[in-house]
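Only one structure is covered here, and it is reproduced in the block below.
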Amino acid sequence: MSSKQEIMDDQRFRRVSKDPRFWEMPEKDRKVKIDKRFRAMFHDKKFKLNYAVDKRGRPISHSTTEDLKRFYDLSDSDSDLSDEESKVLDEKRVKEKKKQTKKETKSKTPIEEKKKETKKTDQKDSINKNDLNNSERIQKMKNSHKSPKIDSEVSPKDSEESLQSRKKKRDTTDLSVEASPKGKLRTKDPSTSAMVKSSTVSGSKAKREKQAVIMAKDNAGRMLHEEAPEEDSDSASELGRDEESEGEITSDDRASADDDENEDEEEEEDGEEEEEEEEEEDESDDESDSGPDLARGKGNVETSSEDEDDLADLFPEEPGFEHAWRELDKDAPRADEITRRLAVCNMDWDRLKAKDLLALFNSFKPKGGVVFSVKIYPSEFGKQRMKEEQIQGPVELLSIPEDAPEKDWASREKLRDYQFKRLKYYYAVVECDSPETASKIYEDCDGLEFESSCSFIDLRFIPDDITFDDEPKDAASEVDLTAYKPKYFTSAAMGTSTVEITWDETDHERITTLNRKFKKDELLDMDFEAYLASSSEDEEEVEEAPEGEDGVSIEDGKTKKSQKDDEEQIAKYRQLLQVIQEKEKKGKENDMEMEIKWVPGLKESAEEMVKNKLEGKDKLTPWEQFLEKKKEKKRLKKKQKALAEEASEDEIPSDVDLNDPYFAEEVKKIGIKKKSMKSAKDGATSEEETELEKQKAEMALLVMDEEEDSKKHFNYDKIVEHQNLSKKKKKQLMKKKELLEDDFEVNVSDARFQAMYTSHLFNLDPSDPNFKKTKAMEKILEEKARHREQKEERLIQAVERAQQDTGKPAQKQPMDPALSMLIKSVKNKTEQFQARKKQRIK
């Protein structure tokens, strides 16, 4: 303490006690307050990491939990209190302390109180007697040692010497008592024992008074006269004699006074304890008046039990809700067995679908691994709760009173509890090809957050002997990743303070489809699908209806619809193949039959088909044109063969005798046939003749392509070399007749190569080192520049037309009035039917 006082008295360090920069931060402000949701990190093994060596390589035994406790602490309710409430708390604590001290004093028996009163009276009598004796001795000392220079002052040295001499004498008396036989002494008079008692009791207080006299600092007391030590020695000798006489008395009565001294010591201890309690009460009163001194560390530390009691007085107790934050899988048993099936639990099933999980797990599967399917099944708990909710709604909503405010904490936490339970209504089964792929997915995805949804993936292995008899709510075996769009959502119960109940929430996919902007064609298709149906579909539905069982859920109907769609597509493909085969058969036959089915919009569809056929001839690709040419060649060959066979039949062999009557008749028949053929040809219409001429012209063109002898091979590299030669070398090659002249002319207007002028893929770069300048290349570049100029002119003209036609309304294509009236009538009838249905429900 003395060293600290010296440091504080030093002027160099005096600023430390007053400057707040040198004050230590209290623990409440030093640690970061965290919510009780994160208390698992203090005891959970996932957050614990033991250190064997520190950063300098020295061996230590340290863990991360110690670091967490060093920097983090659970939030106390005191941190949220205001200043006025904290004052009220301090006052209550002081009052409670006073009450406790009063209760302790009252709890003592009245016999003990009487004993204390008697002891106190004895102490007071002994103190008075000692005071009288001490005052007489002091007067004797003053009378015997009167000096001219010092009147009423005692030197500290003399007082110390006198005390030491007294102590020595008392020690000798104690030794004499101990040395006496059997350690027992008899007292003759009771007065002497009383004197001994009074002297022993008052010993402690007399010592205190003498020490106070010695410690008194006085300048006059230090400046003593030279004769003072002699006088002090005389006075000390006289005092020693008096003490010897007293010592004899005490030695005679020592044995009888031992018991009394022990009692007196106990009384002194009781008295000291009472004084300490009174001092503590005074200090507490002072603290309550002045308040806690936080700068000196007073009032900082308070017991948690007192804080809780005080808070319980201020705030009424509320029903506690312990949510399983990130601990929904704490009850799941742990097993070492790895299987090829995984269960996905505790997810937001109102938003997630099977295809979302399949897309996720496909991105985490190992090389060569396959995820066959993902199916979502309802759990037993979910089935029971959903049945109850269909009848009376969620139980948690019924427990909330109607008059409860919107921001009521208890009602909000009840809704949160319901949302947590709703995560267990379903579970998904992921089927993999092998246990290795399942374990890889488990290691990578278990505990992972799905996007930014605040819902964490809880994976568990499913034993091989477990089977699932329920029909799945949703299933997915394939996902088109090119067209798949991920879902971005946040579950309110897990991530926000405000809770939104999802019991009667509309399907989010339905909301997105309704909010999407549709085109006119899409709307018409939707109207056709919704309001118009063929009779065959109705019959199929009627046939399939009795096969199903009663009480089929909506989810089962969805799966059946998907199966029906697949079957319908297969049936359509089969019908198309049959129609194609029938058409081919009918084309071969002479008698043609036609079937006409009246369908809404048949006229428009027929017109479109005709246009497509007419435009198809112009839009044929080079390959299709080549195939058509081949077909025409085959047809020509067949015709030539037929003509040759007819000619061979017409030819008459040389061995035949025309004079023979049999052969003469046959020759006449052949002549008649030829005449009939000629007459048939003559009777042909002019239209047939024109068609025949066209066919002949096309055939001539085809034959010309094959019969052209002007075709020749060329070497492009040699042409480029000869073109870049000098004039002398060209003349030399001309003489030798080895110069290759580039007679090839590019057909720039060929429609097959129009992409060279429009597409960036066929761009010609003259700065490229592989570019070789020829006449054909120059023509292509010129044509490209011409196309570019034409395009710019067209754009300018289009802009001018748009500016002129801004005021003119766009002409709409007229729709078939009969079809539009049919759709409108069906719409009106459905609206009327729904309106009547609503009125009945009300």
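Easy rule for this one: first residue shown is 1, then count along the chain.
Heads up, the Cβ atoms here are built off N, Cα and C, so glycines get one too.
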Per Swiss-Prot, the candidate from S176, S439, S536, S654 carrying the annotation phosphoserine: S654
Given the candidates T101, T303, T559, specify the residue that Swiss-Prot annotates with phosphothreonine. T303
Of S61, S126, S162, S686, which one does Swiss-Prot label phosphoserine? S686
Annotation match for phosphoserine in Swiss-Prot, from S17, S75, S193: S75
According to Swiss-Prot, one residue in S82, S144, S165, S710 is annotated as phosphoserine; name it. S82
Range annotated coiled coil in Swiss-Prot (choices 442-474, 574-606, 772-804) is 772-804
Residue from S245, S284, S305 to which Swiss-Prot assigns phosphoserine: S305
Whole-number Å distance separating the Cα atoms of S726 (phosphoserine) and S75 (phosphoserine) is 95
Restricting to the same chain and to residues at least six past its boundaries, which positions have a Cβ under 8 Å from a Cβ of the compositional bias 'Basic and acidic residues' (64-73)? 27, 31-34, 41-43, 47-49, 51
Using DSSP, would you call S726 (phosphoserine) helix, strand or coil? coil
Mean per-residue pLDDT computed across the coiled coil (772-804): 86
Minimal Cβ count within 10 Å, across the modified residues S75, S726, points to S726
Within the compositional bias 'Basic and acidic residues' (785-795), count helix residues (DSSP H, G, I), strand residues (E, B) and coil residues, in that order. 11 helix, 0 strand, 0 coil
Is S75 (phosphoserine) helix, strand or coil when read with DSSP? coil
